[in-house]
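Structure first, then comments.
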Amino acid sequence: MLKTFDTPIHIIGGGLAGCEASWQIAQSGIPVILHEMRPQKKSDAHKTDKLAELVCSNSFRCDDSSTNAVGLLHAEMRLAKSLIMKAADANKVPAGSALAVDRDGFSKTVTSALENHSLITIKREEVQEISKDWKHVIVATGPLTSPAFAQELKAITGIKALSFFDAIAPIIHTDSIDMNICWYQSRYDKIGPEGTGKDYLNCPLNKEQYETFVEALKNAEKTEFRDFEKTPYFDGCLPIEIMAERGLETLRHGPMKPMGLTNAYNPTVKPYAVVQLRQDNKLGTLYNMVGFQTKLKYGEQVRIFRMIPGLEKAEFARLGGLHRNTYLNSPIILDQTLRLKQKKQLRFAGQITGCEGYVESAAIGLLAGRFAAAEYHHNCPCLPPQTTAFGALLNHITGGHIIDEEAERPSFQPMNINFGLFPPISPIRYSGKRLPSKEKKLAKKQAITARALNDCIQWLADKESKSSCLSKNT
């Protein structure tokens, strides 16, 4: 029987991350006080007072753990005895290969489990500031953090650490870019911090290609803002389709300007316009489209962005978007166990850390809960291997993203789990004839997921191992 303790861990926010963190902590014998502002104070998106309410879709996306990154994350969470996954499995509805749930049944299951846990106290109140008497705190307030608490977070983290508008550009798998068309070069061959003068991939367009591209953007189907997202555009974060509507030459003097770039494959012909791709993770497996934040519908993004020379066969790890959000510049202000570097009794979990999606949010809540419980028990939190979905996602949030500390706005952007976040797999050797491209990609995914599940099982079984632990002074 687990020993119980007197001092509680306070968790602010009863969404997926806060609920999962509460469960993981309580299951380790530690009392939890879960603070949820609803129904005392409503948000613009929630409709009920239930915990873990699914505000948008009822889908947890693909449940295939052998060939899909989010399905792999499902499997790892089940191995870690996730409450969120248990509730999802108990409330499944038909959805093909996806895991979709009865949203009301799901929320009721989570709420009931937490209300009936002897070590969890739920306080229905808005937290406007973090009490100095609270020794252990996890903040999991999500993208719709209340204005009052957002001000508290600004004061704690620093104004540059918090963003309130998601400017998301598409991200592309590097191995799907045509390197016979695109070339590496920084504008004017400028060498920045840790740069080489060849830090961008460049996609050239001639005049006809550029004008066709602009026309396609202007005529594309666009997603409208939801009522609670309505915020004026600001010039530093204009959707690319809005720029296209401002005039034929606007993009060519903005994110698609060709100045300072020479086509390595055709140096005597100056590109009329250039789309630049910037490395998005330290592994170099992902590149983002610079300045291409957008509200185009997903299908339109794929169709139109594949018109760009070199991206005809582009595979997208994430498509673009622009919507209201509240998230931290996590790689700068959080340590590897999700603690605030300058105030280590405070952890963050869920979407506010810079992950996207129901499952990702719950997974980071699970990790934050386990890290907090280990620390509470005076044990060293053990990091999941980066080869696991847990570790890949955590690494993106706390260190895998390339940081531009001189940028006016944080360069860090929220991310779903995807195979581009994982370390490359060792080359797969096949006996006999060469595999077709599709079969080779499938085999690669299967190898990554098999490695991940094996490493996750080992991590869960050996989580107190010194070899996978951080120093207590980290």
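Using the three backbone atoms N, Cα and C, a Cβ is placed for every residue, glycine included.
Copied over from Swiss-Prot, here are the features:
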BINDING   G13, G14, G15, L16, A17, G18  FAD binding site
Surrounding CB atoms that lie within 10 Å of the CB of G14 (FAD binding site), all protein chains: 29
Cβ packing number for G18 (FAD binding site), 10 Å threshold: 31
G13 (FAD binding site) CB neighbourhood, other CB atoms within 10 A: 30
For A17 (FAD binding site), nearby residues of its own chain (Cβ under 8 Å, 6 or more apart in sequence): A140, G142, A349, G350, Q351, S361, A362, I364, G365, A368
Mapped DSSP class for G15 (FAD binding site), helix or strand or coil: coil
CB-centroid shell, 8 A cutoff, FAD site G13, G14, G15, L16, A17, G18, site residues removed: I11, C19, E20, A21, E36, L51, A52, A140, T141, G142, A349, G350, S361, G365
Among G15, L16 [binding-site residues], residue with fewest other Cβ within 10 Å: G15
